[in-house]
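The following features are taken from TrEMBL:
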- 7-41: domain 'PAC1-like LisH-like dimerisation' (DOMAIN)
- 104-145: repeat 'WD' (REPEAT)
- 146-180: repeat 'WD' (REPEAT)
- 189-230: repeat 'WD' (REPEAT)
- 231-272: repeat 'WD' (REPEAT)
- 309-334: repeat 'WD' (REPEAT)
- 335-376: repeat 'WD' (REPEAT)
- 377-411: repeat 'WD' (REPEAT)
Amino acid sequence: MKMVLSQRQREELNKAIADYLGSNGYTDALEAFKKEADMTGEMDRKFGGLLEKKWTSVIRLQKKVMELESKLSEAQKEFIEGAPTRAKRTPAEWIPRPPEKFCLTGHRATITKVIFHPVFSLMVSSSEDATIKVWDFESGEYERTLKGHTDSVQDIAFDHHGKLLVSCSADMSIKLWDFNQTFECVKTMHGHDHNVSSVAFSPSGDIVYSASRDKTIKAWEVATGYCIKTYKGHREWVRMVRVSPDGTLLASCSNDQTVRIWNADTNECKMELREHEHVVECVSWAPEASAAAINEAAGTDNRRANHIGPFLASGSRDKSVKIWDVSTGQCLATLVGHDNWVRGAAWHPGGRYLLTASDDKTLRVWDVAHTRCLKTLYAHQHFATSLDFHRSLPYVISGSVDQSVKVWECR
């Protein structure tokens, strides 16, 4: 449909074009245009930069329209499917929905890990560019960069209060950072013989656990920086280590296709979980609130043979996610749907849902009780490597090989 401009609009557009041509040095084109448009006299200064302003405002409007269309499509889909609307959903039912609230760029290589700060409206990302960046997830503002590692930063974790950050790297070191005041590195620990792939704090905050390509897990005393225990048993690269909520158990996963459960105090391996068919990339301890959903998934009659847990999720390059009862070593459920490696897993604080990140570029929200994919977010332009769910606010963050960090609102 042809748009018709009024005489005044046509004159203002001509003046804006003339100003653009003149200010960019297109002298010959300007003279030809003024002659063709029958323009005489000097240019009015109020038209300075007007064409650029209108152009950028159109782009902003287009982006806003696309966001609104996405939200409208989402609402229509929910209406057709009969899903509860936001007004009727409780916080325990909120899940991330497109479009993303922010897409944050600044890293120069793959994002390896994204985590929320436990207290402030901050999130932290680590990257193969050897840096750690701090962002405000509510405003989308970049805050600062922590530098010190000399190779890819593989994992990061906060202590319970968020006053200390621990990081590990392919440079074979583990670093502790003061996140309370100076944001400086306060301690560097050495002891692994290869790439350090994962770190985690004990709930008390006085011990850091690390996992490495050297096939071991180590426990480090935060106060001294000394290695106090080494856990041996995996036959290949240990990809991740995570501490149970009560601090008594460690879960680790490896290229040897197993998940191992360790007694944190004695460094004894309590059990080996063996049902994955490829490298196991990630593990995540389930919150207590997940027990009912997991028992339903397992088909258990809650009044009789109830599984009491603790429970653990594991994600693998075999494209599946498995949920385990760690007290028995039994696999209670397998979630199938990703089209590529599963790289990250995070539990919804309400316990009903599990979120996963995959090399198929998506984030998936799993309805645990019914072992089905509830929602797929086409999140990134390349492999999705990591995600985190805020423990009290309705936000999810994700990181990717596309070098971006995205913030998703839950509703």
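Placed from the backbone N, Cα and C atoms, the Cβ positions cover glycine too.
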Contact set of the repeat 'WD' (309-334) with the rest of its chain, CB cutoff 8 A exclusive, min separation 6+ beyond the ends, reads 244-245, 249, 251, 253, 257, 259, 261, 271, 273, 275-286, 288, 290-291, 294, 297-298, 340-345, 347, 354, 356, 358, 366, 368, 371
Go through the chain and flag residues at least 6 beyond the ends of the domain 'PAC1-like LisH-like dimerisation' (7-41) whose CB is under 8 A from any CB in it; none is fine as an answer.
47-52, 54
Residue counts for the domain 'PAC1-like LisH-like dimerisation' (7-41) under DSSP, helix then strand then coil, are 27 helix, 0 strand, 8 coil
DSSP-assigned states of the repeat 'WD' (146-180) in counts, ordered helix, strand, coil
0 helix, 20 strand, 15 coil
